[in-house]
Amino acid sequence: MAVEMLYEADVKVAALDGKKIAVIGYGSQGHAHAQNLRDSGHDVIIGVRHGKSFDKAKEDGFDTYEVGEATKLADIIMVLAPDEIQKDIYKDEIAPNLSAGKALGFAHGFNIHFGYIKAPEDVDVFMVAPKGPGHLVRRTYTEGFGVPSLYAVYQNPTGNAENIALDWAKGIGSARVGLLVTTFKEETEEDLFGEQAVLMGGLTHLIEAGFEVLTEAGYAPQLAYFEVLHEMKLIVDLIYEGGFKKMRQSCSNTAEFGDFVTGPRVIGPEVKENMKAALADIQSGKFAREFVEDHDAGFPRLKAFRKEAEGLEIEKIGAELRKAMPFVNQNDDDAFKIYN
């Protein structure tokens, strides 16, 4: 079902005016939301545990508190800590300091949708989910536009939750480029599916498989890297700018013919069935349970996955080749880190 895109002219609310806003967490999304809202004229404080993020928030000029104290002081509390620690932060520091009429916000529906956080019935619960990482939310705001966002309301005892969500999205710059209404269920399940089946899980394993096929057939690993990984950005940029049509128009007839002939052989019906199974695991809560259980055990599976991935030949080859390509390594890695 199609939904209508909203823009700044459609957001005729001032629900954040006169309110004290606490951004909980000062990592990838936290720093962007906080700085954009402050630059939009809103009263923002930071709630975060003592450590690197606490120091960084103070350095950036914010009044910074422990999470519980920030929750007490604020009218609107936006939880932007990593998914896996939100439930503990909420139970230990946020919940004891919530009171009727306050609003609780999220940028991803994971903990609310799967029931790891259960807000009191007299507290508004809303979501504003930018469709991009925090450094882009901040950078595009400073450049005069923004990143599109989804917004949703989970519960609305005050009758003002939707206005808060819309004004928040406007304050971080998203209304400049477009807002789409959703639900916590829809955002959570679609976001997880996109990450797992296409954007990360699907893409990285497709690249890895292509690299292995070429190198196992005797082709030079350096050439294989360029063919299946390095050129990926060039293709994705074209798709990003103008869809499949622009990408195909920008490539040779040989490449386009091969796309149509071989693509369905590689990504056949069985892949779609596997995707459906992955979606079912997300919808049932199976993936969420596995993720939370792994976190609670100290992330043994995630750490093992990371160690295995670090040993891949394509990663070693890529690290060497990128040393000779400074143009692909100019970003500040610190902008991509997520601090708890």
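Any Cβ shown, glycine's included, is placed from N, Cα and C.
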Of the candidates GLY109, GLY115, GLY132, GLY134, which does Swiss-Prot annotate as part of the NADP(+) site that also includes TYR26, GLY27, SER28, GLN29, ARG49, SER53, ASP83, GLU84, ILE85, GLN86?
GLY134
What is the separation, in Å, between the Cα atoms of GLU231 (Mg(2+) 2 binding site) and ASP191 (Mg(2+) 1 binding site)?
25
Neighbour count (Cβ, 10 Å) for ARG49 (NADP(+) binding site):
17
Structural state census, the domain 'KARI C-terminal knotted' (183-328) (DSSP three-state):
126 helix, 0 strand, 20 coil
Integer average pLDDT (0 to 100) for the domain 'KARI N-terminal Rossmann' (3-182):
97
Closest of the recorded positions to ASP83 (NADP(+) binding site), Cα to Cα, picking from HIS108, ASP191, GLU227, SER252?
HIS108
Counting other Cβ atoms within 10 Å, pick out the least crowded of the binding-site residues SER28, SER252.
SER252
